[in-house]
Amino acid sequence: MAMARLGSWLGEAQWLALVSLFVAALATVGLYLAQWALARARPQPQRRAVEPGEGPRPGSDALLSWILTLGSWRSQWQAAWVTALNEEAERKGGPPFLSFEEDPRQQALELVVQEVSSVLRSAEEKVVVCHVVGQAIQFLVSETPALGAGCRLYDMRLSPFHLQLEFHMKEKREDLQISWSFISVPEMAVNIQPKALGEDQVAETSAMSDVLKDILKHLAGSASPSVVLITKPTTVKEAQNLQCAASTAQESCPPKPPRAHELKLLVRNIHVLLLSEPGASGHINAVCVVQLNDPVQRFSSTLTKNTPDLMWEEEFTFELNAKSKELHLQISEAGRSSEGLLATATVPLDLFKKQPSGPQSFTLTSGSACGSSVLGSVTAEFSYMEPGELKSWPIPPPVPAAKIEKDRTVMPCGTVVTTVTAVKTKPRVDVGRASPLSSDSPVKTPIKVKVIEKDISVQAIACRSAPVSKTLSSSDTELLVLNGSDPVAEVAIRQLSESSKLKLKSPRKKSTIIISGISKTSLSQDHDAALMQGYTASVDSTHQEDAPSHPERAAASAPPEEAESAQASLAPKPQEDELDSWDLEKEPQAAAWSSQVLLDPDGDELSESSMSVLEPGTAKKHKGGILRKGAKLFFRRRHQQKDPGMSQSHNDLVFLEQPEGSRRKGITLTRILNKKLLSRHRNKNTMNGAPVEPCT
């Protein structure tokens, strides 16, 4: 019994549990259905068209401002607006019939983003609307009153202008469509100025201006231009793959011609010929403006007076790219902005064929789109420069240079020793460069001469004999120095030694200085003037003069490894009747330096004090051919008689105040002594069989 009751209670409890679970399931399903029904019955929220109260969006403003600064946008949107205006004007019809063109003088515009709003059209498309403001925009408007009538050209300027831009972005699309519409605001000013205004158009200008303003505002407001920009993202790996593929293709293919952006266009020698004087009468200053459409580059020439024949020789270089299609040449009046345009010409560019090339002529018109009158012609020279092509400038041939050093030293006895050293530098010929003109070329290049004159220095020199010594200066100039044999020669040698110590920048080889003769000259004023002319002539001359060979040349020849031999020297030639002047020997033609040694124009008369320099013992110690290479010595008395109009030293003035008798007396005594010393020295050298050496 008990077991039966227990089984019935368990069955009832199980049944109650199953019923409870079923009721709970029904309640859950009912609650879900009720919520679904309520959700369906609830009204959906409306889509927001504009969000004015959200405040500024710096992120969106920066992004849109960056998009509006892209070169692809700047190069397309003005042309797209002009196309839309022409389509709207053609759809509207006329008269008047209007057509729009881009103004070549228009600079790149900066659009300022002011308000940004977002509108969600669908799940795959999003539209961003923004309000932008520009400073000013210009168009060229050609107006035809009736079909077949003459065209009139106007400048239309909107400042400032307001646009509403819409950016249409779609999912899974790689392009961005930008469309905009013109917003007419009260503060916008519309300026319309006719071009080439004649006297018969003055009365019609004000009447047509108001009519055109209304028409242009209506056309600008109804036109709907648009531009499509490609926005394809590229990863770093894709960019590297593209570069590798391009390099592989270039290795397998022959070298390609230079790209458009690597070319440069050179425009020069612009010649303008105007048929008549356009515009108002009067004197004007014409200027030529050359402008490239893309990338925008603008160059202006110098001012030219108002003449029918205008010429500009300036050179203008333009950077090119694949979008460089037109080059505008504008002749305008300086000082006037828009109404100063006199004539314009458009030059089409074909970068693939590199045309135009060379001198080309184009017609100058008023710039309107429909058949305007021809105002003249313009001729210019065009050339394309490839990368790596340098502008070829004429390189002048190397010019030999001659440096002349004049050094004066005053000895204690009053004798002035003047050393004139002439050094000619041959031009250096580098490997791979054009060689200079040779010596036997019919075209001779003048020698550049640099004269260096040092101040007078006073030196006390003892007259004692010493052996010959050899010195080597820092400039690799070999000097054979004779100490004490002759005070005058010693002074000259010391001057040459000091001048040779100047270190050269790039010494090539060893040079040798030869002093082949020493002579005293007593010159009058007439001979002074003659030597001055000879000094000038020797600087300008590039030819060598023939002269008899000197007997002492063999004893003082240069080393065989030297390519440049010694120059000639001075040799005294006393005359019986007139010993006041001593003739100077000319240089032999064998001198390899091909330059003349200059004479000292400041020769003096010898006075009686010259005996302190000349001693018989000194004259006996001369050795033939002591010194080496290219210097001539001229020495004189310190007291000289110059032209009173020339610069005089204190001693010169003292000498001029001396009486004539004392000077003649000193000259006579000097003649006698020099004559005796010269004959004695020559006789001794002849007996010993030595070559004759000039006596000092």
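Here the Cβ of each residue, glycine as well, is placed from N, Cα and C on the backbone.
Swiss-Prot marks one residue of Thr307, Thr445 with the annotation phosphothreonine, and that residue is Thr445. For the annotation phosphoserine, the record in Swiss-Prot points to Ser435 among the listed residues Ser435, Ser506.
When the residues Ser159, Ser441 are compared with Swiss-Prot, the one annotated as phosphoserine is Ser441.
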